[in-house]
Structures are given as structure tokens and as C-alpha cells.
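These notes concern the structure reproduced below.
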Amino acid sequence: MPKQKKYKNLLKAAAANSSQDKSIAAANSSRDKSAASNASQVKSVAAANSSRDKSAAATNSSRDKSAEAANSSRNKSAAAANSSRDKSAASNSSRDKSAASNFS
């Protein structure tokens, strides 16, 4: 094969390799960008989930505090009613003793 033809074939092969390299580099760059986009989406979803979890925790905490306050109020009311009933019963007992001593 003459030198000139061999040289042209080498140039063609080099150009083809260069084109393939550029194509591979472009594909890799595209893949890297896609991976970066996916990572960004994952971070965004994680942030949204974290925000939702914090909101749910705050709501649950508020609901728990409200329930505790209601229960405490109910307990205080029941304790006051029981105390009043006990005082009334003690008064009745005193009245019974007084009536019994009047009969004696």
C-alpha cells in the first residue's frame, strides 16, 4: 500500500476515534447530569418528608397537650365533686350524731 493512502487511512481512523470519544464523553456528561438531577430530587423529597414529619410531630404534640389539659381539668373537676360529696357526707354524719344524742 502506498504511503499516502496508508496515511489517509490513519487520519480517517483517528477522526473516527475522536468522534467516538466525543460521543462517549457527551453520553457520560449526560449521564452525570441525570445522576445529579436524581440526587437533587432525592434531596428535595427528603426535605419534604422531613418537613411533613416535623409538622405531624408538632400536630401530634399539640393534640397530646390538649388531651392532657382536658384530662387534667376533668380530674380536677371530679376531685372537687368528690371532695364536696365527702364534706356533705361528713355533715350528714354530724347531723345523724346530733339527732341520735337528742333521742337519748
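Any Cβ shown, glycine's included, is placed from N, Cα and C.
Because TrEMBL annotations are produced automatically, they should be read as predictions rather than curated entries.
As recorded in TrEMBL:
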{"type": "REGION", "residues": "1-104", "note": "region 'Disordered'"}
{"type": "COMPBIAS", "residues": "10-20", "note": "compositional bias 'Low complexity'"}
{"type": "COMPBIAS", "residues": "35-50", "note": "compositional bias 'Polar residues'"}
{"type": "COMPBIAS", "residues": "68-83", "note": "compositional bias 'Low complexity'"}
{"type": "COMPBIAS", "residues": "84-98", "note": "compositional bias 'Basic and acidic residues'"}
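The DSSP breakdown of the compositional bias 'Low complexity' (68-83) into helical (H, G, I), extended (E, B) and coil residues amounts to 16 helix, 0 strand, 0 coil. Across the range of the compositional bias 'Low complexity' (10-20), the DSSP-based residue counts are 11 helix, 0 strand, 0 coil.
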